[in-house]
Amino acid sequence: MSGELLRAEGIGKRFGGFVALEGITVSFAAGQLTSIIGPNGAGKSTFFNILSGALTPTSGKLHFRGRELNGLPQHRFVHQGISRSYQITNIFPDLSVHENVRVAAQALTVSYDIWRNRARLAELHARADAALEAVGLLSKRNELAKFLSHGQQRALEIAIALVSEPELLLLDEPTAGMGPEETKDMVALLERLADRRTVLLVEHKMKMVLGLSKRVVVLHHGRLLADGAPDEIRSNPEVRRVYLGQSEGYG
Amino acid sequence: MTHPSSGEALAKSSSGGIGWLLEQRVLLSIAVLALLPWLLPSQALAVNVLIYGVVVMGYNLLFGYTGLLSFGQAAFFGAGAYFTGIAIGRFGVPWFAAVPIAVLLSTCLAAAIGLVSTRTRGIYFSMVTLALAQLVYYVALQAASFTGGENGLRGFTVDRISLFGLQVNFLDPVNKYYVLMAFAALAMWFQSRILNSPFGAVIEAIRENEQRARACGYDVERSKLIVFMLSGAISSLGGCMLALHLSIVPLDILHYQTSGMIVMMVLLGGARSFFGPFVGAASFLILEDVISLWTPHWQIFVGAIFVLFVLFLPKGIWGTPLDMLGIGKARP
């Protein structure tokens, strides 16, 4: 398939005797938003942790742009072009909003420089501000991150992931814990992102997922249950049985 | 859409008195240290503040800025002192060469201890640094032919220093103070550069959120090792200053009590502040001086004061007012 960005081949993960994932083979093309859904405990987060390098799969292979990622330490994944946000807000609380993003931007260029003055590295400041503008946080740039509202922290989370200009952006429940207003803002942001980037999204809010995604992958008990366009997923009887039926009230 | 370019925004947020003062922190600190012999009751106290200030400043890089609580910083303080004394006394190296040699060797020691300790986290890191520093203590105790063992290292004296053809009498306390102050100034300049550098941002990110720093693409273990070495290097310079000052190296400075004292000093003064270590060293040494005048059990009182600080002023004597003024909070 042309334009293939990421391919997972028979990915499996065990924690002791517990099988979290088994035989996941799936590939993602460049330039579209794909959602990964599934009931709690389906293995979505484990799969995400493997894709971002936080966990090493017990079996299977991961290819990104034709390169095998197995064995690469987590911090190298960003350098390959894979960046992620977290389900539980994961920012640098005592740094300014701007510095949160700037420090992420600098990871790809000048990590170990102890000599230059970072205030003068103008390009990094500009990139950080551009990422903050993209998520609508530029006006908050000088505040400490811990003083932002929950929704703003979720947006900052995405700015941190975005500033490395990743080819693949992994978003783990970006609307977790958000009210309806904040969720609306986040959906608008995701729509803008999906125009220009390859995004993988883990979400619970079903209507939102089906509206946003070009393609939906369903996991259940650590296995791939279904894979297809939102309409196919919506009408898939297996998916309805394990997932949709119980969450029709959501979103 | 218009928004201020980042350069302008930076200039704006650092304009005004506070931003300007922050940029001049090295010069301001040097100015205060230059006046210190006249501000404190004795010259001897001023020299000690200088020396311990540098040691604690190096430690602040590790503890305050990176968030790594080491109980073994005395190893590098002691190593700097011992290496300086041995280089001068045994090998006849001139003092100006002995200091960089001692710092280099101490940094190698920090690399060795750092390689082992930075693989662990939290309380394990503290315990491993404590154990390895005690190992250094016992090596110094046993290798008596090199280090003088329990009696400490003696037999080297720096009495005259020639600076660019100018002979300086190093036994004169005022001369001694200002020569040692030059070392402190060098250390402050170096520390300030590290803190302002991109790497300075990395260590703060690691302190704030290690997992996120790793996900951002930083090699956390390697960064911790680098900062451990830089911290050891700066603290060892304090040891070099002590050796030049005393012309002996007491074995005690390698003991874990010294490490504990360094931790107390940084907390008294204020971790994460640039000048806090000097304030902490001064407060601790003054307390020791004053209270030990009327009771030999001064440590009980210093301990009690320390506990009060941890409970009620966790940012320390220097860090608390800075915090109230909003200085050093959000660096753009």
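Cβ coordinates come from backbone N, Cα and C, glycine included.
Noted in TrEMBL for the protein shown:
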TRANSMEM  B:45-62  transmembrane segment
TRANSMEM  B:69-89  transmembrane segment
TRANSMEM  B:95-116  transmembrane segment
TRANSMEM  B:123-141  transmembrane segment
TRANSMEM  B:177-204  transmembrane segment
TRANSMEM  B:225-249  transmembrane segment
TRANSMEM  B:261-286  transmembrane segment
TRANSMEM  B:298-318  transmembrane segment
What residues elsewhere in the chain lie close to the transmembrane segment (B:177-204), defined as a C-beta under 8 angstroms and at least 6 residues from its ends?
25-26, 29-30, 33-34, 36-37, 43, 46-47, 50-51, 53-54, 57-58, 61, 65-66, 99, 161, 163, 168, 170, 213, 218, 223, 226-227, 230, 234, 237-238, 240-241, 244-245, 274
So what's near the transmembrane segment (B:123-141) in sequence-distant terms, Cβ-Cβ under 8 Å and 6+ beyond its ends?
68-75, 78-79, 82, 109, 113, 116-117, 147, 149-150, 251, 254-256, 259
Same-chain residues at least 6 beyond the ends of the transmembrane segment (B:69-89) whose Cβ lies under 8 Å from its Cβ atoms:
55, 58-59, 62-63, 95, 97-99, 101-103, 105-106, 109-110, 113, 117, 125-127, 129-134, 136-137, 140, 146-147, 153-156, 158, 228, 231-233, 235-240, 242-244, 248-249, 253-260, 262-263
Any contact between the transmembrane segment (B:261-286) and the transmembrane segment (B:95-116), i.e. 3 or more CB pairs below 8 Å with pairs at least 6 residues apart?
no
Output the single range from B:95-116, B:225-249, B:298-318 maximising the number of Cβ pairs under 8 Å to the transmembrane segment (B:45-62).
B:225-249
Under 8 Å between C-beta atoms and at least six residues away from its ends: which parts of the chain pack against the transmembrane segment (B:225-249)?
47, 50-59, 61-62, 65-66, 68, 70, 73, 75-85, 88, 95, 98-99, 102-103, 106-107, 109-111, 113-115, 117-118, 147-148, 152-154, 156-158, 170, 176, 179-180, 183-184, 186-187, 190-191, 194, 199, 203, 262
Near the transmembrane segment (B:298-318), which same-chain residues lie under 8 Å Cβ to Cβ, leaving out any that are not at least 6 residues past its ends?
264, 266-273, 275-276, 279-280, 283-284, 287-288, 291-292
